[in-house]
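S.K.: Handing you a structure now.
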Amino acid sequence: MASAHTTQTPFNRLLLTGAAGGLGKVLRETLRPYSHILRLSDIAEMAPAVGDHEEVQVCDLADKDAVHRLVEGVDAILHFGGVSVERPFEEILGANICGVFHIYEAARRHGVKRVIFASSNHVIGFYKQNETIDAHSPRRPDSYYGLSKSYGEDMASFYFDRYGIETVSIRIGSSFPEPQNRRMMSTWLSFDDLTRLLERALYTPDVGHTVVYGVSDNKTVWWDNRFASKLDYAPKDSSEVFRAKVDAQPMPADDDPAMVYQGGAFVASGPFGDK
């Protein structure tokens, strides 16, 4: 992962939710150049603040008052918090459904005008891998998790239309150090490209509510980003450098969801507790 740098004027204070998660730990490092103070939040334990340029604040996204305190004094929000895997709906409800409402309502109350929402490819996961779609294609969530991210996109759209709060909703593909399987050869998003995309999402003016697919410059992709062209996002990495390693893995069955659906195994998760 390359060292982050920017020629942009830093914000005074950015808020990153989900800072204890896998991507949150990465962004804690790569977002440093973009703000004088990075406020980090999660319900889980986080490493202590480093110096004067970090603030660490534990927060349950389901707690409206706590979220309102969290958002006070920030210039923009990068909302990566919440349940990040498929779980029973009741577990997703608090953090992902109530939580995103609390984030936007706190943004409205405190005058925050830019949100970066970590949406997901699981918003469109029931499309087949032989289909090419764009941000205007009807959503086809593949899971309760995907439903919660679809709801978050609707929340972003509503708060722009009603209150003028701008959002870039990033439908993140698979952001890991390297692709872990054949599906991820198409969905992989490098950490460096994620940071490049976040920079464009933070600084591009007049985004309204823009939906962009978070994916690197992979050889085979299923997602057309033309409706997010104003962001001028130009990924530099590609999954092809991992092709030989991934191709050496055993070939899944043709009807394996990971080989059929854009959302992969999520389409077959749950219902939980129902035999």
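Even glycines carry a Cβ here, placed using N, Cα and C.
The NAD(+) binding site feature in Swiss-Prot is assigned to Gly22, Leu23, Asp42, Ile43, Ala44, Asp60, Leu61, Phe80, Gly81, Gly82, Val83, Ser84, Lys149, Ser175; the stated evidence is similarity to another entry. The substrate binding site annotation in Swiss-Prot covers Ser84, Ser120, Asn121, His122, Ser174, Arg183. What Swiss-Prot lists as active site, proton acceptor is Tyr145.
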S.K.: In whole Å, how far is Gly22 (NAD(+) binding site) from Ser174 (substrate binding site) when you measure between their Cα atoms?
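M.R.: That separation, Cα to Cα, works out to 12 Å.
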S.K.: Within 10 Å of the residue listed as 'active site, proton acceptor', Cα to Cα, which of the binding-site residues Asp42, His122, Arg183 are there?
M.R.: His122
S.K.: Express the distance between the Cα positions of Ala44 (NAD(+) binding site) and Ser84 (substrate binding site) as a whole number of Å.
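M.R.: Just about 13 Å between their Cα atoms.
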S.K.: Between Ala44, Leu61, Val83, which of the binding-site residues has the fewest other CB atoms within 10 angstroms in the structure shown?
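M.R.: Fewest other Cβ atoms within 10 Å, among the binding-site residues Ala44, Leu61, Val83, is found for Ala44.
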S.K.: Sequence order is fine: just name those binding-site residues in Gly22, Leu61, Gly81, Val83, Lys149 with a Cα within 10 angstroms of His122 (substrate binding site).
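M.R.: Neighbours among binding-site residues, in sequence order: Lys149.
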S.K.: Let me spell it out: for each of the binding-site residues (Asn121, Ser174), count the other Cβ atoms within 10 Å of that residue's Cβ, using every protein chain shown. Which one has the most?
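M.R.: Counting every other Cβ within 10 Å of each candidate, the maximum falls on Asn121.
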S.K.: Of all the binding-site residues given, namely Ser84, Ser120, Asn121, Arg183, which is spatially nearest to Asp42 (NAD(+) binding site) at the Cα level?
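M.R.: Of all the candidates listed, Ser84 is nearest in space.
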S.K.: Hey, what's the widest CA-to-CA gap across Gly22, Leu23, Asp42, Ile43, Ala44, Asp60, Leu61, Phe80, Gly81, Gly82, Val83, Ser84, Lys149, Ser175, the NAD(+) contacts in the record, in Å?
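M.R.: Greatest Cα separation within the listed binding residues comes to 24 Å.
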S.K.: Out of Ser120, Asn121, Arg183, which of these binding-site residues is nearest Val83 (NAD(+) binding site) by C-alpha distance?
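M.R.: Sorting the binding-site residues by distance from Val83 (NAD(+) binding site), the top entry is Ser120.
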S.K.: Find the shortest Cα-Cα separation between Ser120 (substrate binding site) and the binding-site residues Gly22, Leu61, Gly81, Lys149, and name the residue that gives it.
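M.R.: Result: the closest of the binding-site residues to Ser120 (substrate binding site) is Lys149.
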